[in-house]
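Going by TrEMBL, these are the annotated features:
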TRANSMEM  43-62  transmembrane segment
DOMAIN    54-362  domain 'G-protein coupled receptors family 1 profile'
TRANSMEM  74-97  transmembrane segment
TRANSMEM  117-134  transmembrane segment
TRANSMEM  155-179  transmembrane segment
TRANSMEM  203-226  transmembrane segment
TRANSMEM  300-321  transmembrane segment
TRANSMEM  341-365  transmembrane segment
REGION    429-451  region 'Disordered'
COMPBIAS  437-449  compositional bias 'Gly residues'
């Protein structure tokens, strides 16, 4: 019996221990999940807000400052608009999927819309960078032909191509069902709470080539040529400075007081018919400063391109890895090539982070954009403070007006009450005086009528007095 009770007690104790252990494990799991969700939401929210406000700052700064309204910056504004739309139309939906544990909340049709917008704006972003690299190539390598090549008409054509061509690899194949397999389409019809984007091999090759590989190769080639041209111009500038310094030193040794600039003036006048002396001297200086600005702009845009490649290259390598193309198929099977969901989400958001990087690159490396950002932010802060002060003043004025109206009403009521009291007291005194003088007798023929009238007045006044009291 004791053994049985001991066995029962030990069994109950083991159950209690299991319940307590499982409860503590569930509590720990819940706490860890909450911490992970909070960390995810903080990171994703920061990237989304940085992309939205940073690119909005770029657009507003270019619109407000006439100095920034050059052809290159029209591409930059269009790129900022594409990055803003990436944040609104791609990042927000992806964040909702990540924070709900992979559950899609918006239905079958919106899944296709999200996938199309994601591919569309990502492709538009890299095509903008490709156009910017071409623009910088002509501005630095062929500066004399640049105004003839990059006209506003060609700018409009390039922007139209950049915004229209991504639809050929996003909306058309996705809504037509060409991007994936029949098995995946059937799976999506049965599980509409899951929005996967499984692509077939032809679509993976074509879309990745149009969206990344071909524009990336063009950008690398353009910036390589720009770098070589900038290096050549730097060497020429250094040699000209050394030659000018040596010639000036030689002239000083020989006792000639004229400097190198005085010798350049007649030379430039002969070389450029119709040019005056000061124009010929200032023109090389202006062209040199313009060349420096072009090189700085090319360096900034090169950093932007490098940041884009660093952000999106892992994603497109993962696309090739996931589609198991050619050599990768022979090296690993489907089980070996499996990617954890954490890796997939990280690769996506590293690519999205590029949309928030570009405004930071402008502010750090471009002095003109940095000054424009500063003025724009100061203007925004001034307007916010002005609106707050106006609303506060309006509130104070309304409050004072209400208090004044209440004071006037109280004063009118007090005045009317004082007047009524004074009228009542005067009537009482008058009635008393009439009573004391009249005595209620008839001294003459008209005294009776007067006494009757006085008594009537007294009765009326006493009634008015009772009403006032």
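Placed from the backbone N, Cα and C atoms, the Cβ positions cover glycine too.
Bear in mind that TrEMBL entries carry predicted annotations, made automatically and left uncurated.
Touching of the transmembrane segment (74-97) and the transmembrane segment (203-226) is ruled out by the presence of fewer than three CB pairs under 8 A, sequence neighbours closer than 6 excluded.
Counting Cβ pairs closer than 8 Å and at least 6 residues apart in sequence, the transmembrane segment (300-321) and the transmembrane segment (117-134) reach three or more and so form a contact. For the transmembrane segment (155-179), same-chain residues at least 6 beyond its ends with a Cβ under 8 Å from one of its own Cβ atoms are 71, 74-75, 78, 112, 115-121, 123-124, 127-128, 131, 185, 199-200, 203, 206-207, 210-211.
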